[in-house]
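Trainee: Below is a structure I'd like to ask you about.
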Amino acid sequence: MLVDGKEMRPIWLDGDHRTVKVIDQRLLPHDVVIMDLRTLDEIIYAIQEMVVRGAPLIGATAAYGVYLIVLNAPDPSVPEDYLTAESERLKAARPTAVNLAWAVDRMVPAVRTAKTPGEKRSAALAAADEIIQLEADNCRRIGEHGVALIRELRDRKNGGTVNLLTHCNAGWLACVEYGTATAPMYVAREQGIDIHVWVDETRPLNQGARLTAWELGKAGIPHTVITDNAGGHLMQHGLVDMVITGTDRTTYTGDVANKIGTYLKALAARDNDIPFYVALPSTTFDWTLTDGIREIPIEERDPDEVRYIQGSDGGELRNVLVPPKDSPAANYAFDVTPARLVTGFITERGICRATAGDIRRLFPER
Ligand code: MRU
């Protein structure tokens, strides 16, 4: 994506092949600062503190994490118990996005089967690069499939502007390129289809207001930031044609874990007969779970993320306390939208309904 005239991804490997570079998303949109990650501990810190976030990007970062495990191994033969212990530590960095475990589980066998220390390093690097390119390609395809839905809505409105609503940030910052929920928006823009995006601010960390609004602004896509509770009102007044969100983990039966508040958007969309689509690469399906509400682990984060709001008045970022200083807060980071509320999935292989049968028809090898 072009940022101030420079083509950027949220993650890349430096020319020295020893340093993972990431955009520090905690500082956006006010500052674009690059952070260097050179050790597994730094990778874990970046994932936990949400320097990087969003399911596919967490997976991409974890892939480079395994590469750094190999590169920095005290014994260059990377003994099996060391590889297992370090990769398990990496997998535990955040619980909800399944891309983390998926990426580590794809990286580890590549390291294991390589023989010499040099081969292990090259195999890890090649496998990580492959994962990152795969996520970029997946997102492009999601955009190409998803734009058909937007075009259909445009035609139904006789060429009027299509109003989309999205929650959190499922954009290129959360992925590698294009994003998932935003990919159909970017492709619509390329194809000259008029869209406008309602951007939920997404409390407590405001990924919508800070990140999605920034991305859409850079791409020249008309958008409006709204409070998290405004969507229902807009839907009742015919101001939303379709909701598109991303997901952190979706069961093969169609239950969708995504940023807290997504479920309420799906309920409001159903009540107002508005299509509710979830855009995801196959790397975000969990092929082992059947009941998302009971089985998907929901991260609970520091309550101070709820109690304090962060922003800038043009200078340094500042934290401002909102509730009484002794009021407790709870910070559930994700919720689960049951399959019955999801109109369909937009994947790299096409669009399907949120049923086990339809998902498996698109991905028969699973
Ligand atoms: O806590 P975050 O910012 O990592 O949560 C991100 C989301 O919930 C995204 O919507 C999801 O990962 C999809 S990203 C393409």
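Yeah, the Cβs are placed from backbone N, Cα and C, and that goes for glycine too.
Note that TrEMBL annotation is computational and uncurated.
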Trainee: Which of Arg18, Arg89, Arg94, Arg294 shares the substrate site with Arg53, Gly54, Ala55, Gln207, Asn258, Lys259 per TrEMBL?
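Mentor: When TrEMBL describes the substrate site, the candidate it includes is Arg94.
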Trainee: What is the interatomic distance between the Cα atoms of Asp248 (active site, proton donor) and Lys259 (substrate binding site), given in whole Å?
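Mentor: On Cα coordinates alone, these residues lie 8 Å apart.
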Trainee: For the recorded substrate site formed by Arg53, Gly54, Ala55, Arg94, Gln207, Asn258, Lys259, which further same-chain residues have Cβ atoms within 8 Å of the site's Cβ center?
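Mentor: Near the substrate site, the remaining chain residues are Ile58, Thr96, Ala97, Cys168, Asn169, Ala170, Ala174, Gly246, Asp248, Phe334.
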Trainee: Quick one, of the binding-site residues Arg94, Lys259, which Cβ has the fewest other Cβ within 10 Å?
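Mentor: Selected from the binding-site residues Arg94, Lys259 on minimum Cβ neighbours within 10 Å: Arg94.
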Trainee: How many neighbouring Cβ atoms, not counting its own, are there within 10 Å of the Cβ of Asp248 (active site, proton donor)?
Mentor: 32
